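Peer 1: For reference, the structure I am asking about is given below.
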Ligand SMILES: N[C@@H](CCC[C@H](N)C(=O)O)C(=O)O
């Protein structure tokens with residue numbers, strides 16, 4: 001499945017446990033010798049308040065705390081199977097509520113972004129909206145946790161930036177003991193931006209849900225986005241982020257099924 005081009009291999013582990021090794025994850029996600037994907041996801045039975053537990057593995061086999069496009073795809077499977085109007089999905093990064101916004105469109109309501117330096121996490125106390133972290137033309141203007149760590153940099157012209165070259169230096173900076181997904185954004189208007197995300201462990205994705213939420217939240221704090229709802233245009237498509245009057249963050253965007261199959 002994919003959400004605006006951010007693509008995943010989803011394994012149904014609800015009735016048969018599947019705990020892949022790092023080598024299996026890398027092999028399945030390999031775009032030349034495997035199925036190919038930005039992450040491997042395992043759906044597991046939910047406990048307590050959750051309808052589903054979602055395990056999210058990066059292509060190097062590391063488990064990521066969250067992935068919001070993946071959560072939208074997994075939610076669609078359950079919404080489609082059950083006909084329910086909403087589902088709750090447990091991830092390492094927190095419990096997320098998902099609902100169908102329109103056919104093949106899913107909205108998430110997620111836990112609040114966290115700006116405290118320990119939550120990102122940073123290696124030492126710093127003002128997360130004034131980190132003093134730079135690489136070439138990129139300055140990290142905000143660090144936060146959306147469940148997973150993000151840095152956001154705003155630039156006047158996204159097309160002029162070699163994102164992998166500079167974002168990789170920020171991602172691997174010693175101030176970030178767990179690394180970070182690095183978003184590079186260009187503000188287009190008070191309610192629209194472009195965004196490219198250099199995700200852990202060093203891949204450029206077509207879209208990133210948590211990156212879109214992070215960029216929107218930082219842009220609102222800095223007064224760069226003033227609307228309550230903004231369009232975030234990414235290489236693979238558009239996501240919409242909204243802050244409700246109660247302060248909840250909603251993420252809406254497309255989901256698509258590429259194919260169903262059976263792994264040997
Ligand atoms: N690589 C990330 C997790 C993936 C984020 C994602 N694409 C999204 O849509 O949120 C990490 O290591 O945190």
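Cβ atoms are placed via backbone N, Cα and C, with glycine included.
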Peer 1: Using only what TrEMBL says about substrate binding by 6, 58, 148, 181, 199, 200, 209, 210, identify which of 24, 39, 134 is listed for that site too.
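Peer 2: Answer per TrEMBL: 39.
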Peer 1: What does DSSP call residue 181 (substrate binding site) in the simple three-state scheme?
Peer 2: strand
Peer 1: Taking DSSP three-state, what's residue 58 (substrate binding site) in: helix, strand or coil?
Peer 2: strand
Peer 1: Cβ-Cβ under 8 Å from residue 200 (substrate binding site), same chain, 6 or more residues apart: which ones?
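Peer 2: Result: 58, 62, 64, 148, 171, 179, 180, 181.
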Peer 1: Return only the integer: C-alpha distance in Å from residue 208 (active site, proton acceptor) to residue 67 (active site, proton donor).
Peer 2: 8
Peer 1: Could you tell me the C-alpha distance between residue 210 (substrate binding site) and residue 67 (active site, proton donor) in angstrom, no decimals?
Peer 2: 6
Peer 1: Tell me, by DSSP, whether residue 6 (substrate binding site) is helix, strand or coil?
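Peer 2: Looking at the DSSP assignment, residue 6 (substrate binding site) belongs to a strand.
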